[in-house]
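Okay, so here's the structure we're looking at.
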Amino acid sequence: MWAESVEQLGPLRTSCLQWPFFTWVNPLFARRGDIEHTNLPRLDPSDRTIGLTAQLEAAWEASRKSANGDGKALRKAFFDAFGWQYIPWGLVQMTKSAVQLYQTQILADLIGYLGSSPGEAPTQTNSGWAFTGEVDEGVGLAIALAACSAVAALCHHLLFFWNWRWGMRWRSAIMMAVFRKAMRATLPAVSRGGGPGSLVNILSSDTEVFQKLSQFLVFVLVGWMEVIGSCVLLYREMGPASLAGIAVLLVMVPIQGWFGRIFKRLRTHTAAATDERVRAMRQVVAGIKAIKVAAWELPMHGRLQRARAAELELVQQASAIRAANEGIFTVVPVLMGAATFLTRWGTGGSLTARSVFACLSLFQLLQLMVKFFLLAIEATAEGSASMARLERFMALPEVAAIEDARRAAASPAPVAAPEPGAATVWAKDLVATWSEVSPAGDVSGLVRASADEEQGGDAAAAPTPALQGVTLEARRGELHVVVGPVAAGKSTLLLSLLGECPQVPPEAAASMSTAGPTATVGGCGIRGLASYCPQEAWVVSGSLRQNVLLSRGTAAEKDGWEGERGSREVAAGEAAPWLEARFRAAVDTTGLAQDAAAFEDGYDTMLGAQGKRASGGQKARVNLARAVLDPRTEAVLLDDPLSAVDARTGRRIMERCVQGLLLRRGPFADSCKDAHEAADALGVTAPPAVVLATHQLQWLPLADRVTVLMRGAVRASGTPAEVAAQLRAEGIVAESDGQAAGEPAGAAGAAGTAAAVTDGAAATASKLAAGSVSEEGSLDEESFLGSVLAAATGSVHAASEPTGIDDIVDEGGDGPDAAGSAAGPEAVAVAVGEADGKASATAEAPAGEAASSAGQAKGDAASTAVVPVVAPKRALEEKEASSKGVVQWSTYWAYASAAAGPAIGAFIGLLFLVGSLLLLACSIFLSNWTKLTPAEQALPANDWFPKVYGGLVAVTAVVCVGRMWIFFSAAVSAGQKIHDKALGSVLGAPMRWFEQNPVGRVVSRFSKDLYLIDTLLPLTLEDFINVLTLILSAVVLVCVSNAWLLFAVLPLAGLLLWMRQYYLLTSREVQRLEAVSRSPIFRMLVECLDGLDSVRAYKLESLLGERMARIINWNMSGFFMFLTTSRWLGTRLDFICSIFLLAASLATVLVRDTSGVDPGLAGLSLSLVIQLTGTLQWCFRQSAMLEVQMVSVERLLELDGIPQEGVDVGHLDHSVASCCGCGCCGSCCAPPPTAKTALVVSTREAASAAVVRKASQAGPTEWPKTGSVEFRNVWLRYRPGLPHVLRGVSFGVPPGSLVGVVGRTGAGKTTLTAAMLRLVAHESVEEVKSHEGEGARLPDDAPKGGPDVGVVIGGDDIRKIHLTALRRGLAVIDQDPTLFAGTLRSNVDPFEDYTDEQILAAMTAVQMGDAAERRGGLGAPVEEGGANLSVGERQLLCLARAVLRHVHVQVYDEPTAFSDVRTDEKLQEALRTAAATSGSTVFTVAHRLRTVADHDLLVVMDAGRVVDFGSPKWLLSDEAADAAATGEVVKGPAGAWGFCRSGAFRSMVGQLSASESDAVRSLAASGKA
């Protein structure tokens, strides 16, 4: 195989003649661009990540221990790890410099030879040879001149090859070290360090700085020696006059030092600004669904633009400094020459061609040395800033370090862990905080505040700790349940047990305690191995099997998390013998077996990045199955896994998984016999200790021990009976059993509940109307404790009876409902659609959930009713695009247009040409001046020569510096416009695009690619234009001086062009492969940080480190081959230039005796040809590098071509420019609209930003006018070719109605919301006509005059409403809460439309008033993703958004899944009250029938159809009962239509428990209808 042959011919495996010329890479070029990553060779062991990182980390640990706190520990570690290996290459640079200096002396002798006659020896020789002026001596000088160029070129390429290679090694080591540190740092430290956004920036921008530093650092070491050598030779040529030129150089040094200091400061500030922008970008992409649903594209666009503006301001300053730097560099040789030659003339000396052009060669050499020296200074300054950032991150506290230091700093008699066997999980007087804790145990800001208070200062009160004095014990075989209201500290307790939440030392704990100093401050821990199921499910990029097994599977499964190389079929024999039995038991008891049966690839179905293939319930159960898999685990911590599942699934989890599989007890223990036998074979006979944090109080009777947390402290603890006794002793009165378990006791109880809701609603309404906020807005603690008391004294039987539609399945699972759920349209559509990578995020649950619902029949026999979905095996996500071939000219044109436009671009090009001509004119003028004899130069008549020369130099300096300033300003403008277009396109993209492109992939384009466009691309482009004009002028001048050279120039030019094209075929593809392989690095980092607590709980740091090392090696293999191909080209181009130099010098020597030569012109031409030796290959390589870097422009411009939805993201006409063709874009996809309101989009101009912005800010009086909602024969599928998810849905709802939507998972409930928001477009009239045989028609009672097909809200067809106005006109709350970094206010009211009083009133209504007050008010910070809030608090904050907005249509999809039962009741009360006061229409999607039994209307969905629609009271009646009744039962409120009654709802209620059925009927009877 080719890859193997190249690997064998690596740089360290070839002969000493092959590797300096890079001939070992010839097989790669032989493929002529047909290259994939599998064709690239593996890295040499010395280049691989693991070994390099080990060197750096070992040096870092040693350096940190000996550091004196000066912030230079990481620099010392870098030098100790890599410095001694890097420094010897300075000898190669010194050799190259010596050869180049000697070459200038040979050039001087050759010019002297050309000015002499045959037989006349030159008057002076600098090279040390004795000449007589014969032809053979001239030929010898010409050969020596070319040989020096060849040797210098060879040294140059060897030096830069290894410098770049060292930079690659440094980057690799830094990336891996940062990743490993992130895996060890505490959660607060990671958040304080900037979170994923900051780390992505470090891995993208800061590592590039080290790559740059590696190239030029050697010139800091040896550059000064080269400058001294050049100055000595200058003095030898010009005497004291050379000191003037040297003085110019010395003046440049402090200027460059000043530039370096500015660069360092700007680099630090720019990196911080970039961190902020990338972090904000990541949040937006990760939370795009919430943004789309709420139509927040505009405020998020503004937020990102503000972050970009702050960054660009710093980039502009850096560009101004860089422009001055580059301009000065360009004119340094001219200024030095002017100072030297004018001083020489002014002191009475004369100028000769020999001395002038020898000095010019030295000046040019000095220019190059100064350039590299300046680049080294700039790189050192930037590297110093990046090193400081890295050191701050590397010094963040680690989990183990904090624990060890805290124990070491504890009292002489620290609290010891319980005796072995006494308790597996323990906490003793635990005090913990999420505030910053140093390794010594100090709490930043807290102890100091306490001291200030003791001294009478005005310091704020110390914050309350997250946990205070918590004591807990759980032994093996016990179930310990932790309960408490939202933000009570349940998750913090579990994370503290895992060592994630920093514990507080005694001194700080005393100052933080609200009850005074505690007697003792203990600790917590887990004896043995632990597993953890987090409240926020963590799903990696891989298959369902790989997500459950993680590190316990086979090697193929470990490698396959991202689906790159993982096998989709795992042989059972490769795994541990116990693994298969445990895996089967884990997926069966959690209900995942039925889900897998519905996926096309079963357990090997890829779930995608962040589990986008799975529903919330599936992801939660994947994490649960992972936690219960390993029988060797001695403690299992479960953080509320029941909140994301329905009641029946929760019952299955508690009875089969927790009781049967884990604790080996209960009626279902025997069903896990195989799993238990597998554990016994491992010698594990004792069940683990299980700690369950939950809001589901009905399961307390199953617990061995219960801990009740309130505000971070233990309120009661012990067995359920002991807890009940403690609560009674405090005077707590138990609530009724039905209320405690979530069910009213009967009709009377239901009526009482309804009355209570009404009374509470009136009170809340009055508060909202008055705009006041009560200080008692949080949950009533006594009420919650009453619920705990009732649950602790009750039985689990009543609580576990079926309570919702998902629980009711016919015997055998073969009824119509079961079949509809198992193989219904939505199930099949989502499964197939997502398998193809184009599923909609709006599907409420993938097919697996449908199967899970249908498969949970009584007796667990319904798994046979699952209808597997057959679909081709396809990747869930699209492979990242890697375009082939040449970068199109349209990309260059787009960049130029973004930079300044055609006119300014042409002017900049003209300035570069004029500047190059002026530089050449200065040299030509000197050539003419040297034609004068010394006597002629002294004549007053020739005094105009120095004056004109001085003026020419001054004009040249002004033009060169000015053109740089204009150019870099235009480059900043290009970066700004390209970013703005890409950002607008991404925010306007449909949800399907985000499903196909992971967060890391998108963020990579806005981090790494944008960094290249802002920083490196302008430098490359400027350098390319500069050297190109220099080369063209040099070639023209050489041909003018000797026309015979045209015969050499033309074939060499053809050869060079062919070689460039030959090189680009390979180099272009290698660089594109490197760019594509870069995204998985960021993706892996972000993915692991999202599940950092799980990573450490399962001890996956080492495994993930190995995977990250493989991914980095994968990326570096592409980079290394790009580096090698660049040097392959450079060596060949420089040798061609050496041949051209030989031809030019020989031709000049041979024509001396025939036609004669002008020594001045010949000297100028030869000095320019010498420059070509390095400049030509640099120009070609820069042109290739330019094309490679233009790939970043191409990648961002690709984003501008994303299909658009048509939402307003702040720029003109974007929705019309590129339509996604989905039919949901309004102005571009809708049929000809009718102008009914100002919001109806009727023309192209109506899509302008001004009109759309006005629409997006419209209040409730603009659109919709009313809350009426009509579905008129709606058929919907997620993509053409897939089955329908909605099938002829037709019903109408009058304004102000409460509408409940029920149905099994996969029935189409949430798809109704998707249709209302136009997240997915429904079919047109023509398409619907094809379904007439399937009942595609409107009901008879449908009002006339409306559209035949469509969704009508407020009397308007939503296809004619602009998307921004449509989504702003609806309030939709999803089950998954999404928050953004900012404040409480910005998360509730991003548009800043409401006053503080209104926002506080809304937060009080959703039980967040006290929490906001405790955190410091609406300005309290919210970390990325709401990391500093509990999941329940995040959901409440999202609910506050809906309560705040007074819209006419509201949709709530299980909005209280993560709240406790009492909070749930109060929230439902608040939401209904808000709807009643505003006259809004409210849709409530629910699993439990009791939740919506008192609504005005009920929609029962099954298999995408409406099977029941009407008032609950009417749906519970039957025809016979209606006929016999004295009064007719009202079908529903006036204005509703589409009533239908199949008996499905009545059947569901009839299968409920007696108490639940009575409660539902009572609530239905109390409804309005």
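For all residues, glycine too, the Cβ spot is worked out from N, Cα and C.
Look at TrEMBL and you will find 97-382 (among others) tagged as domain 'ABC transmembrane type-1'.
The transmembrane segment annotation in TrEMBL covers 139-162 (among others).
For 216-235 (among others), the entry in TrEMBL reads transmembrane segment.
Summarising the annotation, TrEMBL assigns transmembrane segment to 241-259 (among others).
As annotated by TrEMBL, domain 'ABC transporter' applies to 447-736 (among others).
The feature region 'Disordered' is assigned by TrEMBL to 801-826.
Residues annotated as transmembrane segment in TrEMBL: 904-927 (among others).
Taken from TrEMBL, the feature domain 'ABC transmembrane type-1' applies to 906-1187 (among others).
What TrEMBL records for 948-968 (among others) is transmembrane segment.
Positions annotated as transmembrane segment by TrEMBL: 1025-1058 (among others).
For 1133-1151 (among others), the entry in TrEMBL reads transmembrane segment. Within the chain carrying the transmembrane segment (1133-1151), a Cβ under 8 angstroms from the stretch's Cβ atoms is held by residues 110, 113-114, 135, 138-139, 141-143, 145-147, 149-150, 153-154, 156-157, 1038, 1041-1042, 1044-1045, 1048-1049, 1052, 1055-1056, 1059, 1157, 1162, 1165-1166, 1169-1170, 1172-1174, 1176-1177, 1180-1181, all 6 or more beyond its ends.
According to TrEMBL, the domain 'ABC transporter' annotation covers 1269-1528 (among others).
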Other parts of the chain folded back onto the transmembrane segment (948-968), taken as Cβ under 8 Å at six or more residues beyond its ends: 319-320, 322-324, 326-328, 330-331, 334-335, 337-338, 341-342, 907-908, 911-912, 914-915, 918-919, 921-922, 925-926, 929, 1018, 1022
Remote residues contacting the transmembrane segment (1025-1058) - C-beta distance under 8 A, at least 6 residues beyond either end: 330, 909, 912-913, 915-917, 919-920, 924, 1133, 1136, 1139-1140, 1143-1144, 1147-1148, 1151, 1157-1158, 1161-1162, 1164-1165, 1168-1169, 1171-1172, 1175-1176, 1178-1180, 1182-1183
Tertiary contacts of the transmembrane segment (216-235) (same chain, 6+ residues out, Cβ under 8 Å): 86-87, 89-90, 93-94, 97-98, 101, 104-105, 159, 163, 242-243, 245-246, 249, 340, 359, 362, 365-366, 369-370, 372-373, 375-377, 379-380, 383
Contact set, same chain, for the transmembrane segment (139-162): CB under 8 Å, 6 or more residues outside the stretch: 20, 22, 89, 92-93, 95-96, 99-100, 102-103, 106-107, 109-110, 113, 127, 215, 218, 1123-1124, 1127, 1130-1131, 1134-1135, 1137-1139, 1141-1142, 1145-1146, 1148-1149, 1166, 1170, 1173-1174, 1177
